[in-house]
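In TrEMBL this protein carries:
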type: ACT_SITE; residues: HIS137; note: active site, proton donor/acceptor
type: ACT_SITE; residues: HIS225; note: active site, proton donor/acceptor
type: COMPBIAS; residues: 14-57; note: compositional bias 'Basic and acidic residues'
type: REGION; residues: 1-63; note: region 'Disordered'
Amino acid sequence: MLVSYSSSSEEETEHLRLGGDVTKRKQRWHKDDNSLRKKRKSEEHTLNAREEDDSKSRLPVPGSVLDMFTEEDEDPLTDDSMQHGGRIRSFKHERGNWATYVYFPYIPEEGFLELLDEMTEVAASHSFSLTHTDEFHLSLSKTVVLRHHWIQPFIQSLRTGLTHSRRFICSAEKLKVYSNDERTRTFLAMEVSTGQAQLLELVKAVDSTMEEFNLDTFYKNPSFHISLAWCAGDCTEHIRKECLQELQGLVDSHEDGPFLLRLDCQELRCKAGNKTFSIPLH
């Protein structure tokens, strides 16, 4: 039996042919793989460009819409009296409720703060620890609670009701002791002696707005005053009996004569939470 064997030269030729085929296939695979990568990069670039164009073409969210979700958190309050100098809140704070009141601001005159320091020293000698009021003012309303969405219409109602109100000057020279409705704080104040008629007219306008929003109106027979200092608790009778006369003596014997507190009532203000609105008088 005869068997035919390939020669070594034939084997080499076959090996070279097969090797060439493998090399060609590898080159084709690399070429295809590179083409696929380039295609993917091109697609990603196109997608990113489209997303960027979309973001540019979108309209920005109006600030008024964004504010709707942030303003109620601008006035974070707590019921911890230690964070408020020992003061106790008249009503429980709830998110979205804004403590609101109407007033005239008082800018301290020359010598006023020195006189106030003297009065607090005298009170301390009688064991009364008085704290200066944060902002001196004359109230024309009680402190009421407004919901956030009521604030703008409330201010607009005030402006409308005060359209024809004119500016004036009031004054105060007599000390008087008051307490808040809850009897949790006592105030040393100066009671207004001139300008009461004009203040009563303003209170009528403010009360009209309060009634419109079903809120508490001001006191029936108000004693207009500017609070100077306060202490925790109900100390009204003790201060009246023990040192009010001595404190009044400091006011009456001021270095330039009796001290007369003058308040220029030309701009009514309304404070709601941490926002203050001004209403100029004519």
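Glycine is no exception: its Cβ is also placed from the backbone N, Cα and C atoms.
HIS225 (active site, proton donor/acceptor) and HIS137 (active site, proton donor/acceptor) are 8 Å apart (CA-CA, integer value).
For HIS225 (active site, proton donor/acceptor), applying a Cβ distance below 8 Å and a minimum sequence separation of six or more within one chain yields LEU138, ALA172, LYS176, TYR178, ALA189, MET190, GLU191, VAL192. Other C-beta atoms found within 10 angstroms of the C-beta of HIS137 (active site, proton donor/acceptor) number 18, with every protein chain shown included.
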